[in-house]
Amino acid sequence: MWAFPELPLPLPLLVNLIGSLLGFVATVTLIPAFRSHFIAARLCGQDLNKLSQQQIPESQGVISGAVFLIILFCFIPFPFLNCFVEEQCKAFPHHEFVALIGALLAICCMIFLGFADDVLNLRWRHKLLLPTAASLPLLMVYFTNFGNTTIVVPKPFRWILGLHLDLGILYYVYMGLLAVFCTNAINILAGINGLEAGQSLVISASIIVFNLVELEGDYRDDHIFSLYFMIPFFFTTLGLLYHNWYPSRVFVGDTFCYFAGMTFAVVGILGHFSKTMLLFFMPQVFNFLYSLPQLFHIIPCPRHRMPRLNAKTGKLEMSYSKFKTKNLSFLGTFILKVAENLRLVTVHQGESEDGAFTECNNMTLINLLLKVFGPIHERNLTLLLLLLQVLSSAATFSIRYQLVRLFYDV
């Protein structure tokens, strides 16, 4: 399908890159231009980790998301240019066109639902339902275009399951859960300037490198498809990060977290590298597992779990969840004890007028790093977390191209 003139890059990718660079300029320009509009609409808030009471525009992910969509809407004809010349195209590749449109529909739905969350401040149960609904077009595209639900079984399990295993509907459940996880994973690992956009930028850069390496492989078309989305996403996110970096002049909002997560889910599923995609999310997976006791309210969870600012030192310190000891269930007590023994949490107990109370640090990767390294300046904490994301990507490439031999025949 992708038979284009010999260029350093295929023509559609070159057009995509040029459009993405224009998208970077547009994002950098539009965000300050719309600042007053968001503040007038009361889509603004204060940075809780700053002494300043200045109002900062929120939900700016809707701007980078809109620029991203405009780039790709204008780009739609270019992968199919050969079909405009009759002798170069025997039949129009409808399945590839459907994949492109279906992917854009899923991302567009997620941007809309994310913005609705920012405006309406939805509950957590809704945050799980929204990505599920937005992923349905994606699953239908996979069903109509591919429909393959058979996986290659890793070597250690082949003596039980055989070489191949057809998961059937469970494979679609897995893809739906992947979309839900990706959209919420970035949202959970958030709360300091530049972190949401920064981690997304590192992940997208890692995927771009992975796609470029795989262009010489057997699945060239899938990785070109992924690049069509990742290159514009990288540059629009870079424009957003320019304004969101410490000290942040804008907040990205849940809109960006959902937009980023669904974009990653789209390329992972339709690009057929969902396992590699999950490896790029190692810090987010750890943060999710570490946060589970609070997310399921086994251990009391405050509305905001971001670290707190020490006004005297100007550094961030761990934030805590304080609750009555008698209100903690047996399971919560057990989890807290195990986590304390593993030095994953700091627990304080004491007495107050209301009786015995327990206090533990909020269970996020951000607070865990503050527990390990002590109080850190916000900018340095963001850099530390992004360094961890880069190391995670390096580990992913090592697993994907070296350790994979232990599990699969490559």
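In case you wondered, yes, glycine gets a Cβ from its N, Cα and C as well.
What you are looking at is a predicted structure, and each value in this text was computed from that prediction instead of being measured.
Noted from Swiss-Prot: of N148, N380, the annotation N-linked glycosylation site belongs to N148. When the topology recorded in Swiss-Prot is consulted, Y219 and F407 turn out to share a side of the membrane. Summary of the site annotation: Swiss-Prot records UDP-N-acetyl-alpha-D-glucosamine binding at Q46, D47, L48, E58, R303, H304, R305. Screening the candidates N187, N193, N211 against this entry identifies N193 as the one listed for that site. Site annotation for dolichyl phosphate in Swiss-Prot covers V180, F181, C182, T183, N184, A185, I186, N187, I188, and the matching candidate from K127, K275 is K127. With a cut-off of 8 Å on Cβ pairs spaced 6 or more residues apart, the transmembrane segment (94-120) and the transmembrane segment (274-295) reach fewer than 3 such pairs and are scored as not touching. By the Cβ criterion (distance under 8 Å, sequence gap of 6 or more), the transmembrane segment (195-215) is not counted as touching the transmembrane segment (61-80), fewer than 3 such pairs being found. Counting Cβ atoms from all protein chains shown, T183 (dolichyl phosphate binding site) has 29 others lying within 10 Å of its own Cβ. Long-range contacts of the transmembrane segment (274-295) within the same chain: residues 124, 174-175, 178, 181-182, 184-186, 188-189, 199, 203, 206-207, 210, 264-265, 267-268, 301, 305, 321, 332, 335-336, 339, 344, 362-365, 368, 385, 388-389, 392-393, 395-396, 399-400, each at least 6 residues beyond the stretch ends and with a Cβ under 8 Å from a Cβ of the stretch. Look at the binding-site residues Q46, N193 and count other Cβ atoms within 10 Å of each Cβ; Q46 has the fewest.
Counting residues per DSSP class in helix, strand and coil order gives 24 helix, 25 strand, 33 coil for the topological domain 'Cytoplasmic' (296-377).
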